[in-house]
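Undergrad: Dropping a structure here in structure tokens format, bear with me for questions.
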């Protein structure tokens, strides 16, 4: 029936029968089309047609289920067009509405509703709102803790003392998190108790035989492979270098030792050999012909290996059996108490839900599981009678996105599928055993396997929701591609989405970095994507672009000091990356004069110009980055929309309405009250609010308003107010003097507020909120503002939330406000209302997770230099599905706490799993692109980063696993892979590192690497403005046609003021500006002279994280200004002077840490310091101003035109002192010194103007000029 030309592999996936079939479908492989076609072939099979309601099709989302139904419906309708009399087609079309195409949760709900009587649940149950559930959980845990405190439960008290800190909230958080975590296990009580029992070890316990020991060994072997590479590399250098062959033997011994460790199978032998090995000493031979550079290089590599082996030895020493046993025994009571606490909490929470006839989202799967499972006499988990009925009913069970299944879902699907076997616990883990089970009655036909599972483990990115990619991987490794067997797999790796350039680039990168260790799968040629899409020859594909920006931007100490900014504050790095992306987009889209990228339109069947809607910017997380990118793109006139999950509660309209609700509930809250008073709802101005506060500064603001209201209305004040009013005459005078209009405003607001408070009691919260919208006119006001449609949509969401809340068991305004507060913090805020349609011509910014399943002509992946989020590893108790609990060891009696041995193991395991998840997330991001892929990222120090990348490039085929394992950003993975690619040659040459790489990879993928820096991005803005003006002039002239005035118009529009440069010359310059200008003249003339100033956020708006270079310089200069040279004979004297500055509040204690007494003492004891001490005339921090000709600074100016232009040069001379022959000028520098000549050149012009200033001011000659360099404890003379 289908006209689609299927590949051989797709046909196998569509037509293979009578087996459990696993379809591994790579990105863009058309798995949905294959799944739909398989269903169509099943229901339209001429020999054995299957009614569509006899198929269970489980999808990941409701949208996917709806799309599948629609596709199947279209196929049936098309068949009816060809054969209108077909009874089979008509029947299937009728049955389509009854089809079981749904999400796993929809199926579970169906099972519960059809079998509610078996689990004693009210048939009228309701699924509780997420936040309603949170409120009930909080109630339950508060009540539980109170009860346990009351009965003084000893285990609970010990648990509190060990893990609760000062407040219970920390332990409550642990219980709630563990409860959520346990609910993703099929039988959560069993799992909780089993995990606690892992700590219940006896005298026979032997740590060396536990799974934890094997895990330590395997993790360490990954590192050892890295050490092996380093030693092998060293041996190659030794054998190919002159005069260091005597190093060969000790290096070879080390390599043999590493190889021996890698072969060890038992932890005991592995541990013993590492602890016993003694590194041979290197021979101390001297050979004048030896290659010193090579010798030093191999020594450094060996020292690095030795250091790491010693660290491993220390770690392994800590895993001594008796010590480990004692630790387990000590932790057992706490872990058992924790498991029991979670179970008690769950029972209390369950009771609260049952009281209200509620179930929550987790209950849906667990209740279904309890209906579908039973236990046999041996305790094995087998299908219930109800499950067996489902097995009879469903001819096939088809599961989409199988890689994202969790263990609960896997057990449920195994109960309704025709699989032979049972589930049971083994060493605390639930495992499936593929064996025959004895059922009470035979079930004919149920022995034919009927599971169809499709997915791509490389796109499993939901581990944070407890997805278990191992479920897919286990089958992938066990199933065979052989025909005619019961467990079979088919691979669909032909990509019908992307251009060859995208596919080749993705394949190259992931062959280099994805492995079983990180990614949980070896990305081999067999796993690689194959080109399946055709884009014709009309437009050639483009290389993948890697745009790197160096965060390091050389700004001297003087400039930092002058503007009082930190390097990081000079311009926000996210902002700069956003600007970089904006420039790439402008180039891609093009303009009227120059065409941009052409993309193929599938609907039109031809190429067209790229539009904004064709571009997506993907980020790992959007909360902090997306708003900055939106701002930067909007500045460039690029339409953009960010699909985020945050920011809703920060919008002005929602803040105002929540504040209004808060003061209606309780007006004695100053901050929300002032927010409402200053809003258009009340329209008080600042002066009016000050007048109100003058009534009394010690009471709530509302009480001030209440006093004014009562006295103005001649009402008597009650005793409460009388207590605060000591002088009623004074208050009456304040009110009498108060503006009549203000008094009326106060009375009007108080009366309205009282009416609203009364009304809030009598109507439902959703009605009340809508009443407030209309009553205050705020809904209309919000709509009249800029982005009014968006604001009104946000207000409607608040109304909808209130409507949901009104249906819960909680009532009242107070509880609704709590509900909203819980929503803020429990759900991590929400995104603003979505008002954009699919066809809006805007750039979209979204998280990688939200992009899964989508595709775009152009993908820009940004933020690749951002660190992975590993904050969860810092919690005091870690949880792992297979390994259980990883607690801190806390001994309250001895007051000691440290990570337990098992916590360190689990921490490392979670870290590796997190990195594997990040690897797969990167894969998802890069495979969204159809035609063009751009990757952008920031790097702290480009030279250092590239040097480290080059050190990892020995293996052409793979970035070393240990390097991938130590990666902290996506660029840490991408960089080492790309630096050795043939297309990176020019990039390496630009960084003067082309000679350092011998292993160039000649891969068919195409890459374009661009290096950007901050200065370029700042400079280009001004240049673009000038080009834009020029282009507008050209456009205007073109539109004139054949006008007689064309030449005159061009002349006028192009006119430049003769003295235009003079308008840009400042009247005053600092010496630092002058110095900077002269440096620029040598490099780039005066390109920065007339540049626009980039506005930055004030310091008080940013969080101060560290003392900046400018602050450090200022602090040291301040100390040198106040240093008493006569009392600086030793370090103690200097420390005393530092403390005196702290006492006088010149500096803080934190700031004082940058002053090194030893360095100050070295200055005092230097020859220059002694000369200064011996002088009778010392002057410090002397400000000056001198006038000089402008052409002396701006040498490119026409001297005839600008000969009379003058500039004022200002500055502060650090120090000068007088000797018999003249003055000695001294300037302190705290810059890092790399090259003495460079420092001299940098500050020569500055010192020149200091000298001239001293000559003019004192009338005396400057005999010597010095820079004192604190970084190297030395001084240099300036000639």
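Every residue, even glycine, has its Cβ placed from backbone N, Cα and C.
Quick paste from Swiss-Prot:
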- 4-499: domain 'UvrD-like helicase ATP-binding' (DOMAIN)
- 25, 26, 27, 28, 29, 30, 31, 32: ATP binding site (BINDING)
- 526-853: domain 'UvrD-like helicase C-terminal' (DOMAIN)
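Distances, neighbours, how buried they are, the whole picture for these features please.
TA: In the predicted model, the domain 'UvrD-like helicase ATP-binding' (4-499) has a mean pLDDT of 91.
Within 10 Å of the C-beta of residue 25 (ATP binding site) we count 26 further C-beta atoms, all protein chains included.
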Undergrad: Starting from the Cβ centroid of 25, 26, 27, 28, 29, 30, 31, 32, the recorded ATP site, name every other residue in that chain with its Cβ within 8 Å, sequence order please.
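TA: For the ATP site, the extra neighbours are 34, 456, 492, 495, 496, 497.
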Undergrad: Looking only at Cβ atoms, how many others are within 10 Å of the one on residue 28 (ATP binding site)?
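TA: Total other Cβ atoms inside 10 Å, all chains included: 24.
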Undergrad: Cβ neighbours within 10 Å, counted over all protein chains: which one of the binding-site residues 27, 29 has the most?
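TA: The largest 10 Å Cβ neighbour count belongs to 29.
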Undergrad: Determine, from DSSP, whether residue 25 (ATP binding site) sits in helix, strand or coil.
TA: strand
Undergrad: With a 10 Å radius around each C-beta, find which of these binding-site residues (26, 30) has the fewest other C-beta atoms nearby.
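TA: Counting other Cβ atoms within 10 Å of each of the binding-site residues 26, 30 gives the minimum at 30.
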Undergrad: Let me know how many other Cβ atoms fall within 10 Å of the Cβ of residue 32 (ATP binding site).
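TA: Residue 32 (ATP binding site): 18 neighbouring Cβ atoms within 10 Å.
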Undergrad: According to DSSP, which of helix, strand or coil covers residue 32 (ATP binding site)?
TA: helix
Undergrad: List every residue in the same chain as residue 31 (ATP binding site), at least 6 positions away in sequence, whose Cβ is under 8 Å from its Cβ.
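TA: The answer is 23, 25, 400, 454, 455, 456, 492.
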